[in-house]
Amino acid sequence: MATYLEFIQQNEERDGVRFSWNVWPSSRLEATRMVVPLACLLTPLKERLDLPPVQYEPVLCSRPTCKAVLNPLCQVDYRAKLWACNFCFQRNQFPPAYTGISEVHQPAELMPQFSTIEYVVQRGAQTPLIFLYVVDTCLEEDDLQALKESLQMSLSLLPPDALVGLITFGRMVQVHELSCEGISKSYVFRGTKDLTAKQIQDMLGLTKPAMPMQQARPAQPQEHPFVSGRFLQPVHKIDMNLTDLLGELQRDPWPVTQGKRPLRSTGVALSIAVGLLEGTFPNTGARIMLFTGGPPTQGPGMVVGDELKIPIRSWHDIEKDNARFMKKATKHYEMLANRTAVNGHCIDIYACALDQTGLLEMKCCPNLTGGHMVMGDSFNTSLFKQTFQRIFSKDFNGNFRMAFGATLEVKTSRELKIAGAIGPCVSLNVKGPCVSENELGVGGTSQWKICGLDPTSTLGIYFEVVNQHNTPIPQGGRGAIQFVTQYQHSSTQRRIRVTTIARNWADAQSQLRHIEAAFDQEAAAVLMARLGVFRAESEEGPDVLRWLDRQLIRLCQKFGQYNKEDPASFRLSDSFSLYPQFMFHLRRSPFLQVFNNSPDESSYYRHHFARQDLTQSLIMIQPILYSYSFHGPPEPVLLDSSSILADRILLMDTFFQIVIYLGETIAQWRKAGYQDMPEYENFKHLLQAPLDDAQEILQARFPMPRYINTEHGGSQARFLLSKVNPSQTHNNLYAWGQETGAPILTDDVSLQVFMDHLKKLAVSSAS
Amino acid sequence: MSQQGYVATPPYSQSQPGIGLSPPHYGHYGDPSHASSPQGMMKPAGPLGTAAPGMLLPPGPSPSVPHQFGQNGAHASGHPPQRFPGPPPVNNVASSYAPYQPSTQSSYPSPVSTSSVTQLGSQLSAMQINSYGSGMAPPNQGPPPRPPQPSILQPGSQVLPPPPTTLNGPGASSLLPPPTYRLDGHPGPAHPNAQYQPPPLPGQTLGTGYPPQQAASSGPQMAGAQLSYPGGFPGGPAQMAGPPPPQKKLDPDSIPSPIQVIENDRATRGGQVYATNIRGQIPPLVTTDYVIQDQGNASPRYIRCTTYCFPCTSDMAKQAQIPLAAVIKPFATIPSNETPLYLVNHGENGPVRCNRCKAYMCPFMQFIEGGRRYQCGFCSCVNDVPPFYFQHLDHIGRRLDHYEKPELSLGSYEYVATLDYCRNNKPPNPPAFIFMIDVSYSNIKNGLVKLICEELKTILEKLPKEEQEEMSAIRVGFITYNKVLHFFNVKSNLAQPQMMVVTDVGEVFVPLLDGFLVNYQESQSVIHNLLDQIPEMFADSNENETVFAPVIQAGMEALKAADCPGKLFIFHSSLPTAEAPGKLRNRDDKKLVNTDKEKILFQPQTNVYDSLAKDCVAHGCSVTLFLFPSQYVDMASLGLVPQLTGGTLYKYNNFQMHLDSQQFLNDLRNDIEKKIGFDAIMRVRTSTGFRATDFFGGILMNNTTDIEMAAIDCDKAVTVEFKHDDKLSEDTGALIQCAVLYTTISGQRRLRIHNLGLNCSSQLADLYKSCETDALINFFAKSAFKAVLHQPLKVIREILVNQTAHMLACYRKNCASPSAASQLILPDSMKVLPVYMNCLLKNCVLLSRPEISTDERAFQRQLVMSMGVADSQLFFYPQLLPIHTLDVKSTMLPAAVRCSESRLSEDGIFLLANGLNMFLWLGVSSPPELIQGIFNVPSFAHINTDMTLLPEVGSPHSQQLRMIMGIIQQKRPYSMKLTIVKQREQPEMVFRQFLVEDKGLYGGSSYVDFLCCVHKEICQLLN
């Protein structure tokens, strides 16, 4: 085996799994002393070119409480045609189809390289995907126009047999009937009245209306295969109609007097969308796509009143308990989100407005259902347009990069228990022997539902070592975890992906070095960050920071090498060296700091943080800074104010923003127009290089980042300045007396100060 | 006023408990002197034959004449002037008179001299007797020993001239047969008929006396003790009627005939110009055609009063118990040969109004101090004339611009209202019409939806508009519904209409604003597209359930949202049973009929509709309902909102496309094109001494003075009752100003003012001679129909009978010349009150019979509540025209005949119309040439009665008949459905119900019986 780094990378590529610890401490006590919990980041649908699905169903352990899937770690008796479950040790007979197996003739699931394998389940009716557009019409004319065009465009991207539906809302909510010829027909609902699913279905005539219909014309009963047929129709049938319908969509016609916000019934619109699908297509893949241009201003789920003079809640209001509608609205959307999750549908929110749109209250909708959340300034921006287009991007097989209605089941060997998960999922409340009583994230279950997921959706899954100290695990023992993800593929197939991994146990007292070396600080940072962000949703910001600090100090105490009370002697091994730095940046990140962010922005950032894979998450925690200069090829540089030099172009990627920053000199050159002079073509190339790199990032990322092109002294430079480590500030600039870098006007502590402090605390025997 | 008021006071109107007259007073019966006194007063007028409505002909008995007036046997036959048959050519007639003469009375000797009072001598028994006895007796006997004054059926006291109409020509005319028999309680008459003499107590005696004759009684007579109101009058009346019918019936020709009265009025006043310059003058009857010239008082087309002379004191009013009321039809249609209303525009100053009582400037304002001030005619307050309005006075104290300003010289005119008169001080938006079509299964199936949609396409071209404008300002909107509502966006820029379904009927709302109410011309193509598609859209629907209240709610909300008044046209077919507010169940319980709980059937089932109506009125939303029921639909509930919002109810039972579509379409067209004002508030101001206290009609009142109407059209009338506050002065009279603030069809806010001056008198006789029976009946009908909601019908019927008797008794006691107690003496102005009252009593609303559909009763009740005088007259006493005697040359309508089976003949064809229905009755021996001419079939047997339109045959008879039907239809708010009735075929039963002088099919006494009944009552009162 090569280095742990390679091992980790290989594992990630093969299984989409990264563990905080790759050698596991063998007892509960020791595990808790490790500070960072045993946990992993799992990307259930990680794209793998070399993973063709097998066209049969998995073989399950026959023990009813286990039902683990046959995997390469199982012991197989080829002669007796028996296999032993590696989780419960049950001996199972192979099914008849496996009679031919032998050491040389193995099914794929027994081959070691198929630690992750995907099965295609053939049974069950295949229902087409469903896309239900829920469109706000209280938009500015050009915004609405842009949105309409995007929606029309999206019809061409949908699978032809996908069902689409359209709900528009403003003061009222309209559910458009798509089947009728001639007169366009819609069902209208008052935007102020909350309706139960039953009422909605009654009002839409979804409950047994087919009966009289059929009596009326017994001749063609097959005309309405689905009662919902009127509202959800295959794209290929009605794309012309729907295109026209979208084209004719008008702004909400109700007058908005001066000083008022338009009345926007987002809450009811979503409720109706949920109710519509709930009644007609439970447990089939469906996306409710909410496009909104402002906050809900009436009815259930309203976030702010229609008086413009009363601004929408800020963090300040929330802290002061001054956000009148927040709790009620949140409750409303949570109720919707839970219902949606139960039905296996997901809700996307595309919110484009200059002001807040109530994402704080609505965040649970995408968060619990695995939907997307996109925030922009206007529907008429490339940010929205391209992001939206990217939803429908396809993989190399021509399938949409989306999957629906997944359940993730986790099985562990008996030394481990499942503490919880953090990600775009809801608990299925399946208790079992491997479920821990201690919860981290969404716990108390061994199964979660992920209603919408894509190849990058990543969950943090936390475990607890339960093996007692006095029952040591024999040398070379391995713990195993199996992840079984059942989902509806975008091709409407039901599929099951099974990932089975195993790690060595190690006695933390005798083999701490091993464990230490197998620490994945990146995964650990992200997993700890997820825990922190998860806590931040329910706890006060400072408490979370204190908790995070304490964990960091404890980790340093545990794994640092130092002499007591001597900060200068403090050292961390390579596998931990970056961890404090991640924590430093995490503390400053918008995931934990709400200062300067609106509640909506915080919700938006946290939403993405809780679902992106490790790489992206790390970028979010600690943005990447590249430098372009004449001194050499582009190189990553420290995210530090000292990196801001006059003769550099900087490219910063924070995940949400791509900032290109021209140093002072560069900016002057450009202003002087050198790039246009043939003799300075190299300067032109230099200017172009970050742009090209930025494009590359822009193309690949979802959601599309905000693209900021600025220069020294530009107002937008604040995006860069707020992220870098303020190693030079107005306070210490002269003290350091160096001419490099740019001072940051902040009172925030710098990384250096942070580290000094950390060392001091780590070596202190007091704590 | 409150119903309680009603309850508390048995007689409608004047609330004197008990009878004002004390029996003793009646001691002297029709005292000639009494009678004459009024005459005296009238003398001046007397000469003018024309002036006296009661009189047909100039005095001067013309023997020939009498005959035609079969009706009032009562009138002195001798007096030609009266329509009363002088010498009755016909046996009957003659006889009839005779009987009436009270033997006791000496008064009648000279009819000429007799009072103007018409006396109907004798009570029933007498009458009956007469009828037969007379045949022989009169001639034989010659004048009775007693100078029997024939019962004097005097035309109104005003009649004055010579011939007081005595009933029996007898007394008066020597030619008349002497009254043969006198039967009144007075023993005197030695007569064959003597037996009939009513004993002192009519009831008893009669009862005993006549038993034998019961058997003999024929048709019209009621066999039972009660008059034809079974159970209806268990009380007093019943007893009186108790007597078994005499062998002979009273000759119908001998009792006052409405036809005769109408024809007389027509003859004397028809075609003339009636100038309204005289205070308190009595206009011609509603059945008479004449031209009105506004000279300071409102035309009778706008206001008709029950009496044009108010009693000076409330004591007098109580004594007479004549209701003081005005029937106001502020938007009445004015024929083209009369001047339309002038529009006064004072610009920003607005109308000139009295500072104190806020009355508007009108001819009753007296200018003083050289024109600088004026005294209000209503409250006598002296006001400064606003500077802009100043004008000098001429030598007689009149402003120089008197004739230039409509408000100074005319009874009716309009003001342009200023912003102060507008809702929220904003000029109103033009009104909107919303068409709401029930697309449930039954309406689709019978083709109604298609019919409506087709018709709307043409009808929308004819939306009402101001004359000077090119395009109607009225916007239109469309809703269809079954148990959910479908709104349509028909904005002009759409290629296709858009349908918006509102399923939340529990809390209905308007899903769109822009595009719902549109200008028809601009959105024509979209609307046509929509109307083409609606029938197809729902062709496959078999939704049976409907909602109703949410539909109205939706329309109202739409108008509210658009901030405009308007009118909803709802085309509905069934009981709204779908789960929604206003949901109704079938509660048609025949067991309730004839119990104290019967009133429940007339009350709405839920109060949803009541509050909905209030909301509608508050937002100027009028609801017109076209109902197509095939079974019980709970008219009482469904009709409430239309009724209270000034809308109209139309009902087509068991609608069949080929039979009923024409009637429906005519109604629809008519209703859309009608003259109408929206969002109206009416206020009736009066001069001091009396005030308006009670209001009846399609109105809603939130306080005691403001009459609120979501809309008021040309056919709607409000009946207002007045009561005394104080004494009235004969000099100043009683002044009424009715002001209606409303929004025109183009969205202009206007005030329509009608002024009317009435006389006052301290003489009861003046009061009686100024009465108008048609208006009285209108009042009685409305007040009784209103009371139906709160009182048992039995009580109501009793009150009506009692009050009738009371009014007549009071007259008899105070105004008529002395006569025998047995004489029935009717004031000329009320000659036909009994027959009309009987018709009212026989109306299905007041008739508690399970055979009659509850819906029909509720429908008619609601209908009558907003009827004007002319409509109620026809409604209660249908017009029956002989067709077989038609003069094809004449363009005049043939003279009507009385509504009695006895007037029909086997060889005749008759047309009957009551404003809702029209019947063509064919006698079995109808002349074939007529049948050929009308139906284009060879014989009676070939006539297909399954038609509602007469075929267009080129023959003169056909043309003439259809023209007549056209004329009858012309002025009526409802299109009448024609039913062809063959004699002796089953449908004739329906037709018979309209022969209102006969005993009703389902009860209700004949005219004769009723007269007897009333007479007994009177006698009882007098005693």
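Glycine too: its Cβ is placed from the backbone N, Cα and C atoms.
Nobody curates TrEMBL annotations by hand; they come from automatic prediction.
Taken from TrEMBL, the feature compositional bias 'Polar residues' applies to B:1-17 (among others).
The compositional bias 'Low complexity' annotation in TrEMBL covers B:44-55 (among others).
Annotated compositional bias 'Low complexity' per TrEMBL: B:95-119 (among others), in sequence order.
Annotated compositional bias 'Polar residues' per TrEMBL: B:120-133 (among others), in sequence order.
The compositional bias 'Pro residues' annotation in TrEMBL covers B:140-150.
Taken from TrEMBL, the feature compositional bias 'Low complexity' applies to B:203-214 (among others).
According to TrEMBL, the domain 'Zinc finger Sec23/Sec24-type' annotation covers B:351-389. Taken residue by residue, the domain 'Zinc finger Sec23/Sec24-type' (B:351-389) breaks down under DSSP into 6 helix, 11 strand, 22 coil.
When averaged over the domain 'Sec23/Sec24 trunk' (B:428-671), pLDDT in the model lands at 91. Among the features that TrEMBL reports, domain 'Sec23/Sec24 trunk' is placed at B:428-671.
Annotated domain 'Sec23/Sec24 beta-sandwich' per TrEMBL: B:677-760, in sequence order.
The domain 'Sec23/Sec24 helical' annotation in TrEMBL covers B:773-872.
What TrEMBL records for B:891-965 is domain 'Gelsolin-like'.
The region 'Disordered' feature in TrEMBL is assigned to B:1-256.
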Ranking B:351-389, B:428-671, B:773-872, B:891-965 by the number of C-beta pairs under 8 Å to the domain 'Sec23/Sec24 beta-sandwich' (B:677-760), which range is first?
B:428-671
Per DSSP, what is the helix/strand/coil residue tally across the domain 'Sec23/Sec24 beta-sandwich' (B:677-760)?
0 helix, 55 strand, 29 coil
Between the stretches B:351-389, B:428-671, B:891-965, which wins on the count of C-beta pairs under 8 angstroms to the domain 'Sec23/Sec24 helical' (B:773-872)?
B:428-671
Helix-strand-coil residue split for the domain 'Sec23/Sec24 helical' (B:773-872), DSSP-based
66 helix, 3 strand, 31 coil
